[in-house]
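According to TrEMBL, the features are:
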type	residues	note
TRANSMEM	24-45	transmembrane segment
TRANSMEM	57-75	transmembrane segment
TRANSMEM	126-148	transmembrane segment
TRANSMEM	163-183	transmembrane segment
TRANSMEM	204-224	transmembrane segment
TRANSMEM	236-257	transmembrane segment
TRANSMEM	264-286	transmembrane segment
TRANSMEM	306-327	transmembrane segment
TRANSMEM	339-357	transmembrane segment
TRANSMEM	377-397	transmembrane segment
TRANSMEM	450-467	transmembrane segment
TRANSMEM	473-495	transmembrane segment
Amino acid sequence: MSQKQLKEAFISNLNGTSLLEVSLGLPLAPLCLLCRGLLLILYYLHNGKPLSSRKYSLLLDFVVLVSPLLFSCTVLSPVVFFPPSIIAAICAGIFSKIYSQRKHDTRAPFRQIVKDFQKTYLDSEYIPAITAFRVYVNVLTSIGILAVDFPQFPRRYAKAETYGTGVMDLGVGAFIFGNALVCPEVRQKSYVTQPKFSHLAKQVFSIWPLIFLGVGRLLSVKSIEYHEHTSEYGVHWNFFFTLAFVRLAASLLLAIIPKNKSWIVAMNLAVLYQLILNITPLKTFVLHGNGKDTRVGFFSANREGLLSLFGYLAIYMASVQVGLYLMKRRNSVKDWMEAVCFLLLTVLVLFVLLHLSQAHADPVSRRMANLSYCIWVIAHCLTFFVFFVVTDLVLLFTKLLVKGSSVPSCWSVAKPPNASKKDETEAVPIRRESELSHACLISAVNKNQLLFFLLANVMTGIVNITIDTIHSKTAFTLCILHLYMFFNCLIMYTLHAKNIVLKFW
C-alpha cells in the first residue's frame, strides 16, 4: 500500500466511542479557562497588579488553555475522567487560597457574599461564554484534524464511518452551532434596518470566502494526491462548502419565516429528513450509492456532503433559536442563573429525545446527519455552553472577593440601571479596558477565527506531507502537536497585539 492508501485506511471504517465518554470530556476546556482565570486573580492578589507581560500571558494561556487538551486526546485518553478531575482539584485549591487570603477589610459572611453576588449587574450586551464556546470549538477542531493522523490519537475519537459518536463527529456539528449563535439574524445587525432583499444579497456575498476556500482545498488535495476520506463528504465536496451552503439556505429561510419560529423549522426539517431516509431508498443511496457503491455523476459522487446539508441546516436553525434566547437582555447574575437552569432542563429533554430517536428511528450518523445526530449535537453543544457560563459566573464571584482584579474575556461588574449617568459611563469601559490591557489568547483567536481554521488546515497538510505520522513515537507526536498549536496561536496572538483583523468581505 502507498503512503496515501495507508493514511486513508488509518482514518476509515471506525465506529466512534460511547455517548458517556464524549460527555465526560466536555468539562475539560471550561475548567482550563477557569484555572487560567483563577491564576490571574491569585497573581493580582499577591502582586497588587495584573499580569501585563505579553510574553508570559501567551505562555500561561498556551500551557493552561491548550496543552491539557493535547494531552487529554493522546497519552491521557485511556483515563478520560483524569484530566478534568485534576484541573478541577487545582481550581478548588486556588479558589480556597484566594478566599482565605483576601483582604480583611473586604471580608464578609459567605452567605452575604452570595446574596450580593446574585444581585450583581452585568453588561447585558456581552456574553463571554459565546466567545469562549466558539473559540474552543475552533481550537479543538484544529487539534483534532492533525492529531487524528497520529497513532496516539485514539481511533474511537475519530469520525465514525457510518454510525457512531466520535469526538470529531461532534466537532463538525459544533462548528455549525457556533456559527449560528452569532449570525446576523441573531445579532440583528442590519437585519432590522435593511430591506430583506438587501440583507439577503449581503449574506449571499458574505459566503464567497468559504466557497473560495472550498475550491482551494479541492484543487490542492487533488493536485498533490493528499489522502482523503471519501465517505466523509464525497469526492469533490468538503466542509467549507457545507458551511457556505448551510448559511445561504438559512438566510433564505429566515428571510421568509419569522426568526423566532426557527426551532419549528429545525424540528420539521430534521424529522421530515429522517422519515424520508427511513421510508425511501435514500438511506441505501447515501451509504452504498446505486447498489455497487459507485460514485458516477456529481450527485452520487458527493451524496454524503449534499444530503447531509438537510441535517446541518436543521442544526443551524435550532442554534439560531438558542442564540435568540441567549441574546435576551439579562442584567444580573440571577437572570443568568435562571437561564442556566432552563438550558439544563432543555438538555435533559434532548437526551430523552435522543434515547427515543436512537431506539425507534436510527442511531447517530454524522455521515447522513440524521435526526439522532442533530439532537446529539445540540444537546452536547448546549451542555458545553452551560459549562462556560458557569465558569464565567465562578470567575465573576472570585473577582468580587478580590477588588480590582480582572480576567480577560470574562464578565465585569456593571452599574445598576438606576445609577447616575456619570457612574454608568464610567462603568461601561471596564471590560474594554481589560481586553486592551491584557494579552488574551481567547480574544486573539476570536478576532480571526476563519484565518485560524484556515491556518490549521494548511499546517496540517504541511505536517502530513513532510512527516510519516502513522509510525510516530509518543514523544515526537506530542512535540509536533505542541509546536503546531503554538505556531497557530502565536500568529493569532501577534495579529491581536497589532490589532489586525484579516476580514475583507
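Backbone N, Cα and C atoms are what each Cβ position is placed from, and that goes for glycine too.
Most Cβ pairs under 8 Å to the transmembrane segment (163-183), among the stretches 204-224, 236-257, 339-357, 473-495, belong to 236-257. Listed by sequence, the residues of this chain that lie at least six past the ends of the transmembrane segment (306-327) yet keep a Cβ under 8 A from its Cβ atoms are 127, 130, 173, 176-183, 185-188, 233-234, 237, 242, 245-247, 249-250, 253-254, 259-260, 262-263, 265-267, 269-270, 273, 282, 286, 299, 339, 366-371, 373-374, 377-378, 381-382. In this chain, the transmembrane segment (473-495) lies close to the transmembrane segment (57-75): three or more C-beta pairs between them fall below 8 angstroms, excluding pairs fewer than 6 positions apart. In terms of C-beta pairs under 8 Å, the stretch of 24-45, 57-75, 204-224, 339-357 lying closest in packing to the transmembrane segment (450-467) is 204-224.
Beyond the transmembrane segment (204-224), the same-chain residues lying 6 or more positions past its ends with a Cβ under 8 Å from any Cβ of the stretch are 236, 238, 240-241, 243-245, 247-248, 251, 450, 454, 457, 461, 465, 505. Among residues of the same chain six or more beyond the transmembrane segment (339-357), those with a C-beta under 8 A of the stretch's C-beta atoms are 19, 274, 325-326, 330, 364, 371-372, 375-376, 378-379, 382-383, 385-386, 389-390, 393.
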